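Notes for the one structure printed next.
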Amino acid sequence: METQTAVENNYLKNATEEELQRQKAIDDWLPITSSRNAKWWYSAFHNITAMVGAGVLSLPYAMSELGWGPGVTVLVLSWIITLYTLWQMVEMHEMVPGKRFDRYHELGQYAFGEKLGLYIVVPQQLVVEIGVNIVYMVTGGRSLQKFHDTVCDNCKKIKLTFFIMIFASVHFVLSHLPNFNSISGVSLAAAVMSLSYSTIAWAASAHKGVQENVEYGYKAASTSGTVFNFFSGLGDIAFAYAGHNVVLEIQATIPSTPEKPSKGPMWKGVVVAYTVVALCYFPVALIGYWMFGNGVEDNILISLEKPKWLIAMANMFVVIHVIGSYQLPCIMWLAIYKPKKFSLSWCCNWVCIVFGLFLMILSPIGGLRSIIISAKNYEFFS
């Protein structure tokens, strides 16, 4: 009997070792985990690049649709809640000893089960990734077009389609790089660019001063229009904070041991990143709206026509940033940790869930209306 038990234990040990070797081979092959030598500052600029998207340039417009009170409230709440949920992701990355959840679907499978976890996580992740990539393709193309039109007034006008294709061709090259750390230089440049064009946006706005006859009231002529614009403003702010889609993958590149888990350097980088986020978002949103009121454009750089060299530079910074950027946690926390009902952790997570559902359900309503209204301006293939 003892011999049989020993054989079974030996078999299980060998099976476990084989499984670990198989997982290691997969990790060495996949681009995200093939290199685990990142430092804490990698986490900082990867998170800055992922978070501070070109959506920051639409924050003054979002403020014009929400108004001072609701706008500032949603802006601050979004910053706090996304920082809290990002901390949750960092903590859950290595909550099981000897196991790292390097991808969202792995964490989802642990929280909800092998099959249900995939059904819950993967569709949402694909929607986010595809949506963000499409928006960034258009944003990069628009910024290239704005740069071209600014530096060359008398040149022949070129359709937006061609600028998007130019932007896409860069990604065709970058997509062949072997792993996450191999684009660290691009990501660092993108992080610097995001801080640069954000600073240009609010500094140039402040230099231009409060415009004559500026108004801060809602500009829609009807109640329904005001409501739809309000929802659209919520969507703009939600999109500006949509940077959680690669958090686990960023942490996966950081080395980890039982004595020095990866959450230490990862969180250090996150704190630096969110400090930069605050320095980018709040001045752009508040100063831009203060200077232009409800007459601000959906991209603050469009409202700023002069000095031309500075605006051209800012648009090129946007292009470089979205090149670097191109490449639902509270529920998981409740499912895994099961905090006591009505405890602080339980209440905080449910507040975040309700707030997130509110944005997810209502903001696309206004956003869809804006897309339909502005679609006539996009003639891609005519």
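Cβ from N, Cα, C; glycine included.
TrEMBL entries are annotated by machine, without manual review.
Annotated in TrEMBL:
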DOMAIN    37-330  domain 'Amino acid transporter transmembrane'
TRANSMEM  40-59  transmembrane segment
TRANSMEM  66-87  transmembrane segment
TRANSMEM  116-139  transmembrane segment
TRANSMEM  160-177  transmembrane segment
TRANSMEM  183-204  transmembrane segment
TRANSMEM  270-292  transmembrane segment
TRANSMEM  312-336  transmembrane segment
TRANSMEM  348-372  transmembrane segment
- Query: Between the transmembrane segment (66-87) and the transmembrane segment (270-292), are there three or more C-beta pairs closer than 8 Å, counting only pairs 6 or more apart along the chain?
  - Reply: yes
Quick tally over 40-59, 160-177, 183-204 of CB pairs under 8 Å to the transmembrane segment (270-292) gives the top stretch as 40-59
Given the transmembrane segment (40-59), its same-chain partners at Cβ distance under 8 Å and 6+ residues beyond its ends are 75, 82, 86, 132, 136, 139, 143, 180-181, 184, 187-188, 190-191, 194-195, 197-198, 201, 236-237, 239-247, 250-251, 253-254, 264-266, 268-270, 272-274, 276-277, 280-281, 284-285, 288, 298-301, 318, 321-322, 324-325
